[in-house]
Amino acid sequence: MQKKYVVALDQGTTSSRAIVFDHDANIVSVSQREFTQLYPNPGWVEHDPMEIWASQSSVLIEVLARAGIHSDEVAAIGITNQRETTVIWEKATGKPIYNAIVWQCRRSSEICEQLKAQGLEEYVRENTGLLLDPYFSGTKIKWILDNVPNARAQAERGELLFGTIDTWLVWKLTEGKVHVTDPTNAARTLLFNIHSLTWDNKLLEALNIPLSLLPEVKPSCSVYGTTRIAGEGSEIQVAGMAGDQQAALFGQLCVEPGMAKNTYGTGCFLLMNTGTKAVRSNHGLLTTVAVGPKGEVNYALEGSVFMGGATIQWLRDELGLIRDASDTEYFASKVADTNGVYLVPAFVGLGAPYWDPNARGAIFGLTRGANRNHIIRAALESIAYQSKDLLDAMTKDSGVSLKRLKVDGGAVANDFLMQFQADITDVEVLRPSVCETTALGAAFLAGLAVGFWESVIELEHKACIDKHFIPNIDAETRVRLYAGWQDAVARTRA
């Protein structure tokens, strides 16, 4: 039977999805299932790894059944995943010894402080590109080994395996035959040397983590094993995987140095490909691993802001100013400007490039003439201002002045936000026709790995732009508006 499709498994923080793409990179079928969020203590976040697998395997079966696609027609399955989330399971039984500790979980803060006290902060920064923060997997692994009864003894005997979610899914898909990760996910563990592309012995020793626990690191664009859908039909190759933000970067075909994308979700993630050079940030960004045009390792600068779409949710759920996120464009467009109002959504502090956990949200510039439309417009503009903060930091670090920014995520449907993003950055903003770029990136990697597509050049002919947003304000206005934003941010940090 002819191979007509590639399936992307998109395992996210709140739901598992499966998306079928055809040879023209069009979406054929989508299936999605949410799963339980667990909050056992303040600041702790967990998932049940078996529920993640149950939700992911069920949507894989469902997405094919819904479109009437036979497993023989599927060329490959690609994987993209929430990064950093940590699972440890028994090699012999496949049973997790503890819930997955989610990237948002802060329980390992004390371990990070211990590493800082040991003088490891600069070593971590130089060799992993990351900050010493509970966000990343390494300290989560140590917490499990230290706190789950018998875990450390089992680990020392080589009876346990660790994986981020990509590794866990491949292990389950291949029925325990393959224990593997890719460089983009390995680079988020705090244990991976991004220069030698190997696990870092000094950090493993500092965290007391046995090497036997860790998966083999294989290229993002390669075949890892095979699986059968529900144990039936012919075997399908499991091929191609990347962490969610790197998958989106590849899905946008940002495979050359200086190309960048911004994902507008709950927060915003801006990544710029820096090619074969790992650029160290001096402006609050992370250095991470990306995927090059032939599936090889490239590097990227990454900046994240905590409050993107979450700011709009706040307008809806807490203030009641809108009924639906899509209402914001209508209200923002009813006024010519914000009437001097700036909203700084530092509800949980500020992310990159400030990294200020003590900053708090505020609305500045309120006068008697300020109304709902001005506040809604200021909320939308805050998303673009924060993205400009990241873009300016990237320009300083990389020496590359960006001319075009590719965008994806739910908020890119908002034309007002996209136009203001172009205006305030003085950069052309490109919105793709297929906004599911994270899943598309996983599909591209899988398809390239098995020869479903020949090269990135072929893929470029399939990537269509829905709309170009061209900067449309003068330099003087741009400088004045951004100066107002910078002043507002400074006051939230005072």
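Just so you know, the numbers here start at 1 and follow the chain as drawn.
Quick reminder: no glycine exception, Cβ is built from N, Cα and C everywhere.
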Of Gly225, Gly309, Gly369, residue recorded by Swiss-Prot at the ADP site of Thr13, Arg17, Thr266, Gly410, Asn414: Gly309
Site co-member for glycerol according to Swiss-Prot, given Arg83, Glu84, Asp244, Gln245, out of Tyr5, Tyr39, Tyr135, Tyr299: Tyr135
Neighbour-count leader, CB within 10 A, binding-site residues: Gly309, Gly410: Gly309
When distances run from the Cα of Asp244 (sn-glycerol 3-phosphate binding site) to each of the binding-site residues Thr13, Thr14, Gln313, the nearest one: Thr13
Among Gln313, Asn414, the one of these binding-site residues whose Cβ has the fewest neighbouring Cβ atoms within 10 Å: Gln313
Minimum Cα separation from Gln313 (ATP binding site), reported as the residue among binding-site residues Glu84, Tyr135, Gln245, Asn414 that achieves it: Asn414
Nearest of the binding-site residues (Thr13, Thr14, Thr266, Gly309) to Arg83 (sn-glycerol 3-phosphate binding site), judged by Cα-Cα distance: Thr13
Neighbours of Arg83, Glu84, Tyr135, Asp244, Gln245 excl. site residues, C-beta within 8 Å of centre, glycerol: Gln82, Trp103, Arg188, Gly243
